[in-house]
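Annotated features in Swiss-Prot:
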SIGNAL    1-19  signal peptide
CARBOHYD  Asn91  N-linked glycosylation site
DISULFID  Cys92-Cys121  disulfide bond
DISULFID  Cys104-Cys145  disulfide bond
ACT_SITE  Cys107  active site
DISULFID  Cys138-Cys191  disulfide bond
DISULFID  Cys167-Cys195  disulfide bond
DISULFID  Cys175-Cys182  disulfide bond
CARBOHYD  Asn198  N-linked glycosylation site
ACT_SITE  His261  active site
ACT_SITE  Asn281  active site
CARBOHYD  Asn290  N-linked glycosylation site
Amino acid sequence: MRVLLSLVVILFIINSAFAVKINIGRPTKSHKTIHHETWVEEQTDQFDNIKVGQLLGFKRSPNRPKLQIKSYDPLGVQIPTSFNAQTNWPNCTTISQIQNQARCGSCWAFGATESATDRLCIHNNENVQLSFMDMVTCDETDNGCEGGDAFSAWNWLRKQGAVSEECLPYTIPTCPPAQQPCLNFVNTPSCTKECQSNSSLIYSQDKHKMAKIYSFDSDEAIMQEIVTNGPVEACFTVFEDFLAYKSGVYVHTTGKDLGGHCVKLVGFGTLNGVDYYAANNQWTTSWGDNGTFLIKRGDCGISDDVVAGLP
């Protein structure tokens, strides 16, 4: 009996040790919700072991082009207390789409290309998704997956223009939603000035340009622009707590500076007394509030590097 009991104990110890070995390194999938004054943080293992800085590709260029600066026009369109570009221009379905920058620090290109796509629809009635790949790989003034400047991106749209996604789709490797953002990052692919083989489009004839580009000197000017002409690109500083954003109006609370990130601003408003911008991120719908977030106006420099243009 004692021998049998000893064997049972030994087997239990072996199995326990084996189980521990199996579980080492596995995602816990645990969720910890923290309620801040204006927003909710949901801590998960989504960003564990990820070099988040590689996602944050906004790099101010020392050779940044000097753009026209727009100010608030008191005689222009009046600014409402809240605004949502998605509901204001319902026929432009790209406004509400959440993209996936995948294994690449291409946020600077996504913010520009998404906003320009929306504006082609709003102003020219063109329902065409501009190619992220064209800008990421062929904009020689920026550094592709290593990062870029939003101002340079819009200048490239003005000078060179981008082809459509139908001509040149985004082929940066992605990963399952549960692994967003991706663990491994890639080098920038080579520029291919040809449409994909199954497309009837011709690269040189499929270019879509911006006629004019500009930045802004105030929140009032930014909001008036969104109401008048549609979404804009905005770049800001990402801190550690932003990664766990889930809902509410984000206000930087804790954590270190991780880098610069660019997104698309689609609206604004006030929630519980806090003035905010509404933005679409490009980390898939698994992040944040189905891929979107609200951020306090002016927080983290969200009002400092904003750029847009007209076709």
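Glycine too: its Cβ is placed from the backbone N, Cα and C atoms.
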For the recorded positions Asn91, Asn198, Asn281, Asn290, which Cβ has the most other Cβ atoms within 10 Å, all shown protein chains included? Asn281
Which recorded positions sit within 10 Å of His261 (active site) - Cα, from Asn91, Cys104, Cys191: none
For Cys121 (disulfide bond), which residues of its chain lie six or more apart in sequence with Cβ-Cβ distance below 8 Å? Trp89, Asn91, Cys92, Thr94, Ile95, Asn127, Val128
Compile a sequence-ordered list of residues in the same chain as Cys191 (disulfide bond), six or more apart from it, whose Cβ lies below 8 A from its Cβ; state 'none' when nothing qualifies. Thr137, Cys138
Entries of Cys107, Cys195, Asn198 which, being recorded positions, have CA atoms within 10 angstroms of Cys145 (disulfide bond): Cys107
Among Cys104, Asn281, Asn290, i.e. the recorded positions, the one with its Cα nearest that of Cys195 (disulfide bond) is Cys104
Cα nearest Asn281 (active site) among recorded positions (Cys107, Cys167, Asn198) -> Cys107
Three-class DSSP secondary structure - Cys121 (disulfide bond): helix
